[in-house]
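Scroll down for the structure; my scribbles are underneath it.
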Amino acid sequence: MKQGILLLDIGNTRVKAVYWLDGQLTAITDFPGVMPASPVAVYYASVATDERLEQLRSESQLTDVDWHQIRSEAQKDQLRSSYAKPETMGVDRWLAMLGAQQCYPHTELLVIDAGTALTIDHLAADGQHRGGWIVPGIHMQQKAVTNYTARVFNRDQQQFELAFAQDTASCLQNGVFAAILAVIRQANQLVPQAKMLITGGDATVLMPFLAELPIEIEPLLIFRGMTRYIVN
Ligand SMILES: Nc1ncnc2c1ncn2[C@@H]1O[C@H](COP(=O)(O)OP(=O)(O)OP(=O)(O)O)[C@@H](O)[C@H]1O
Ligand SMILES: CC(C)(CO)[C@@H](O)C(=O)NCCC(=O)O
Ligand SMILES: [K+]
């Protein structure tokens, strides 16, 4: 059986894994579960702690292959960072931009990652990063309110609705959902000409509410970016 490369996106909540073979990306849903074949190498991008990484490395039982870490840098191909310290930008943001650029070359872009934190990055058509935002994500915003108040409670079941609500948990959930949608619309208002791409765990629940925007969902954005670092 032909062997591919394992790509890992190690976030603050979840680890996402994709198997790369013959230019095809296949998501692995239950990493470190079943893989099509044992990989010849691992390429990983992490915004989590080093402890989390080490734990994952031993759990995966892939200790006999090389693990290549991908880091944010000042420039990669057409993409140029705006950070004075490029290595301090989250590598997930860096890779999402690289992936977006691959989908839409020479295009002004807004790249949105709706994960644990929601990030929005603005990219000029020539590949210059113009800057971005880091915002608490849906779960984190809800948690912040329940943690800092005595009488606001949430419930396990999540609804994704914009309506003004009439009970505590619905007021919290709808309020946070409205805030997340508002920040995405605000980004569009700043640069309405920019094509928008959204990825991350919350992208699918947000999309139906953003129909009026020039936005597309691309679940594998970070992995598309990662493939540009693989050297054969
Ligand atoms: N226990 C949980 N903790 C955090 N988020 C959760 C949890 N359960 C469900 N979620 C949902 O997952 C969303 C985050 O999506 P996802 O886990 O895909 O993010 P991510 O892009 O993987 O983030 P990261 O890369 O930082 O792990 C949250 O906003 C929330 O809606
Ligand atoms: C903002 C997050 C947490 C989003 O996953 C990640 O990109 C990160 O840890 N960034 C480091 C700080 C920065 O991007 O400037
Ligand atoms: K992420």
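Going from the start of the chain as shown, residues are counted 1 onward.
For all residues, glycine too, the Cβ spot is worked out from N, Cα and C.
Bear in mind that TrEMBL entries carry predicted annotations, made automatically and left uncurated.
Taken from TrEMBL as is:
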- D92: active site, proton acceptor (ACT_SITE)
- D9, I10, G11, N12, T13, R14, V15, K16, T116: ATP binding site (BINDING)
- Y83, G90, V91, D92, R93, T168: substrate binding site (BINDING)
- D113: K(+) binding site (BINDING)
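This view paints the features noted in TrEMBL onto the structure.
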| residue | record | contacts (Cβ under 8 Å, 6+ apart) |
| --- | --- | --- |
| G11 | ATP binding site | V47, A48, D92, G115, T116 |
| T13 | ATP binding site | G115, T116, H139, G201 |
| V15 | ATP binding site | L8, D9, F31, L56 |
| Y83 | substrate binding site | S72, M89, H129 |
| G90 | substrate binding site | V47, S72, T119 |
| V91 | substrate binding site | A45, S46, V47, I70, R71, S72 |
| R93 | substrate binding site | S72, V111, D113, T119, D121, G132 |
| T168 | substrate binding site | R151, V152, F153 |
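Proximity to ligand 1 (Cβ under 6 Å from any of its atoms) holds for these binding-site residues out of G11, Y83, V91, R93: G11. Checking the binding-site residues Y83, G90, R93 against ligand 2, the ones whose Cβ sits under 6 Å from it are G90, R93. Within 8 Å of the centroid defined by the CB atoms of D9, I10, G11, N12, T13, R14, V15, K16, T116, the record's ATP site, lie the Cβ atoms of V47, A48, G115, excluding the listed residues themselves. In this view, D113 (K(+) binding site) is surrounded by 29 other Cβ atoms within 10 Å of its Cβ, with every protein chain counted. Every protein chain shown contributes to the tally, and the Cβ of the residue listed as 'active site, proton acceptor' ends up with 27 other Cβ atoms within 10 Å. Selection of the recorded positions G11, Y83, G90, V91, D92, D113 by a Cβ distance under 6 Å from ligand 3 yields, in sequence order, G11, D92, D113.
Comment: substrate site residues Y83, G90, V91, D92, R93, T168; largest CA to CA distance 41 Å, whole number. Secondary structure at D9 (ATP binding site), as computed by DSSP, is strand. Just so you know, of the binding-site residues D9, T116, the Cβ with the fewest other Cβ atoms around it within 10 Å is the one at T116.
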